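So the structure is just underneath, and the comments pick up after that.
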Amino acid sequence: MLSRYTGDGIQGIRIADGLSNSSGRVEVFVNGAWGTVCDDSWDLPDAMVACKQLGYQAAIAVPRRAFFGNGTGPIWMDDVQCGGFEISLSKCSQPLLAKHNCHHSEDAGVVCGGKDTRVLFKETNRNYTYLGN
């Protein structure tokens, strides 16, 4: 599990329960608790921001529907709308919320990458290589 602490309302971000250190369910640390991000509107620009915030060069894939398993704790974010250029998820248009219409079966995931990162996808059992800039 890779985590990194940030500023703003989100004190930390990590990816958990992935197939490698560069993939997993997106979790954010807010008010002393780790929670998840709902996959409603979760897309490549959102994943790009999460991956860059964790120190990766890019997002390779955007697994949805709790691909990496259901998280626990609060669902801190829903309907995230990033442009892909933000420095953290907290800078996107839906940073944190008190209400949402999600369940942990909708937890968002990411597959992050950089130069020559190998990723094994469960569903197809094939290796993919992302060659960064």
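Just so you know, glycine gets a Cβ as well, placed from its N, Cα and C.
Curation plays no part in TrEMBL annotations; they are all automatic predictions.
What TrEMBL lists as domain 'SRCR' is 13-113.
According to TrEMBL, the disulfide bond annotation covers C38-C102 (among others). Around C102 (disulfide bond), taking its Cβ as the centre, 17 other Cβ atoms fall within 10 Å, counting all chains.
Shown in sequence order, I15, S22, S23, A47, A50, C51, L54, Y56, A58, A59, I60 are the residues of the chain, 6+ apart in sequence, with a C-beta less than 8 angstroms from the C-beta of C112 (disulfide bond). For C51-C112 (among others), the entry in TrEMBL reads disulfide bond.
C92 (disulfide bond) is surrounded by 19 other CB atoms, counting those within 10 A of its CB over all protein chains shown. The disulfide bond annotation in TrEMBL covers C82-C92 (among others).
The residues of the domain 'SRCR' (13-113), classed with DSSP into helix (H, G, I), strand (E, B) and coil, number 16 helix, 31 strand, 54 coil.
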